[in-house]
Amino acid sequence: MTQIAKEKLLALLLEYPKPAGIVMGYGTAGFRARADTLPWQMIRIGLLAAMRSKVKQACVGAMITASHNPEQDNGVKLIDPYGEMLDQTWEVYANNLSMLDDDIHVLWDYLETLMTQLNIQPHDEAIVAIAHDTRQSSPLLASILKRAAQALYTTIMDFELMTTPQLHYAVRCYNDDGQYGHYTEAGYFDKLCTAFQNLLEMTPNTQRLEALAVDAANGIGAMKLAYMRQTLAKFIQIEIFNDGTRGHLNDKCGADYVKLYQKTPEGLPLASYTKYCSIDGDADRLIYFFMDKNQQFRLLDGDRFSVLFASFLSIKLNEAKLFDDVKIGVIQTAYANGSSTNYIVNTMKVPVACVPTGVKHLHHKALDYDIGIYFEANGHGTIIFSDDLKSKIKLAIDDSNRTMEERLAANQIRAFINIINETVGDAIADLLATEVILSILHLNLEGWLNLYDDLPQRQLKVAVRDRTMIQTTDAERRCIAPALLQDCIDELVSKYPSGRAFVRPSGTEDIVRVYAEATTQVEADKLADEVRKVVEELTK
């Protein structure tokens, strides 16, 4: 049996050899690079997926995408059984496999050592769910990964074209015997669309939803939105642009482009709609925007989603008389605008936790709450609801001693929970959640934007000879090295009303990122520049 596995693996190594001198690291986004440099890596990640499944005795996912990257790139990341990101301890195994050359004996020795360490056998049962985005390179990469996993006696569920969040959802559903939903794409849409429809229909006096123009980044999301648009046509008019029929993936379009350049994407008719949004290439990020009466571009990013979702849930928890029994919180990073934090804490009376940058930190902290809401500034985020919260909601709905208003509010929360994809940020689910909240709270995009005013901010990069010279604490908000740097930043910040600034090293290159905000843009720019000079001086 082992000999057959080795022969299959050898055939793959000969067919897709590893280029000389190539080095890749597995991080939050998995492996990501130019697509033509990835085939050899798919062999290794296929083997790892099979072993992860054997260890967990559950289905794991392998998503082939490079998200918001250009079309010529691609990548792969693994999904753990509960629909979450790959356990960080396994990133070491991914990187170790990646470093090995194509010598079948060396590679097989490492696999055997690892299997002994993990107490698994090559013929133990394994199930790997594979999906990919619309990139031309994806089908080949998927087929290589599939063959590698099958060399270790793995059953493959090939979902072919899916968004990244859909695969996270499918893996979660498959492993909990359908309690979270049915693991097919039809099951995904049925759950989201039914919940959206139910929530609108049970709510009296909803505001009619305005037509929504969606920039789909010429990616996989366009295809999936087209299906949803048809299902929900009675409730909302969704018009899809940058649908892949003409432009290139993520080229001058998509959520990342809109956020980064603070301008509208190409391919949208700007005079025709009052409401726009952009998703990214694999549909896990969402950004809203509109043109105001002065034809100024106005953006609603991750902080705004946190505020909108927390506002809605706080209102409904209060109406259901459950607010005091439920631990709700918003999780942010140091990059969240100070005005959003102030509004959430002081106006909404919802606590905020700050964690280091990165979705894995946000997601992990959200698990501490009954309702944990998190969004990165780029529009990637979701809400996690505890089992205890879901039980309380069900009890409230079934409690005949409660008023009709209380039971309705509890029912609304239950329907809203079913719209959200708790496993990962999901542009399609978040779009539906946003639209239903706007309808129930009678808000348009301008009203949503006017909930609070962002403090002007500026971000800069500073090249340094060694990024490890900068060390931080307190969720990256304060420096502990080099000496004097934090004292200097504190002194500079004290000169500006509502001033705030921090610096943090890049995780991948020798640069330091500077963030500053203040009452005016001029002051924010000046504070950022002054902090930059201090960093340069103290890291010479």
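Cβ atoms here come from the backbone N, Cα and C positions, even for glycine.
Features of the protein shown, as given by TrEMBL:
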DOMAIN    56-88  domain 'Alpha-D-phosphohexomutase alpha/beta/alpha'
ACT_SITE  Ser67  active site, phosphoserine intermediate
BINDING   Ser67, Asp280, Asp282, Asp284  Mg(2+) binding site
DOMAIN    120-175  domain 'Alpha-D-phosphohexomutase alpha/beta/alpha'
DOMAIN    184-286  domain 'Phosphoacetylglucosamine mutase AMG1'
DOMAIN    301-440  domain 'Phosphoacetylglucosamine mutase AMG1'
BINDING   Glu376, Ala377, Asn378, Arg504, Pro505, Ser506, Gly507, Thr508, Arg513  substrate binding site
DOMAIN    483-533  domain 'Alpha-D-phosphohexomutase C-terminal'
DSSP-derived helix, strand and coil totals, residue by residue, for the domain 'Phosphoacetylglucosamine mutase AMG1' (301-440): 81 helix, 18 strand, 41 coil
Top partner of the domain 'Phosphoacetylglucosamine mutase AMG1' (184-286) among 56-88, 301-440, 483-533 - counted as Cβ pairs under 8 Å: 301-440
Spatially closest candidate among Ser67, Asn378, Pro505, Arg513, the listed recorded positions, to Asp280 (Mg(2+) binding site) (Cα to Cα): Ser67
Other residues, Cβ within 8 Å of Ser67, Asp280, Asp282, Asp284 Cβ centroid (Mg(2+) site): Thr65, His68, Thr163, Thr164, Gly219, Ile279, Gly281, Ala283, Arg285, His380, Ala427
Winner by Cβ contact number (other Cβ atoms within 10 Å) across the binding-site residues Asp280, Asp282, Asp284: Asp280
Tally of residues which DSSP labels helix, strand or coil - the domain 'Alpha-D-phosphohexomutase alpha/beta/alpha' (120-175): 26 helix, 13 strand, 17 coil
Contact ranking winner - 56-88, 120-175, 483-533 against the domain 'Phosphoacetylglucosamine mutase AMG1' (301-440), Cβ under 8 Å: 120-175
Number of other Cβ atoms within 10 Å of the Cβ of Pro505 (substrate binding site) across all protein chains: 22
Entries of Asp282, Asp284, Glu376, Pro505, Gly507, Arg513 which, being binding-site residues, have CA atoms within 10 angstroms of Ser67 (active site, phosphoserine intermediate): Asp282, Asp284
Cα proximity to Asp282 (Mg(2+) binding site), best match among binding-site residues Glu376, Gly507, Arg513: Glu376
For the domain 'Alpha-D-phosphohexomutase alpha/beta/alpha' (56-88), sequence-distant contacts whose Cβ falls under 8 Å of one of its Cβ atoms, 6 or more beyond its ends: 28-36, 38, 41-42, 45-46, 48-49, 94, 125, 127-133, 135-138, 141-142, 145, 149, 157, 162, 164, 167-172, 174-176, 217, 220, 248-251, 254-257, 280-282, 284-285, 359-360, 363, 422-424
Counts of helix, strand and coil residues, the domain 'Alpha-D-phosphohexomutase alpha/beta/alpha' (56-88), according to DSSP: 1 helix, 14 strand, 18 coil
Inter-residue Cα distance where the pair is Asp284 (Mg(2+) binding site) and Asn378 (substrate binding site), in Å: 10
Maximal Cα-Cα distance (Å) across residues annotated as binding substrate, namely Glu376, Ala377, Asn378, Arg504, Pro505, Ser506, Gly507, Thr508, Arg513: 20
Around the Cβ of Ser67 (active site, phosphoserine intermediate), the count of other Cβ atoms that are within 10 Å: 27
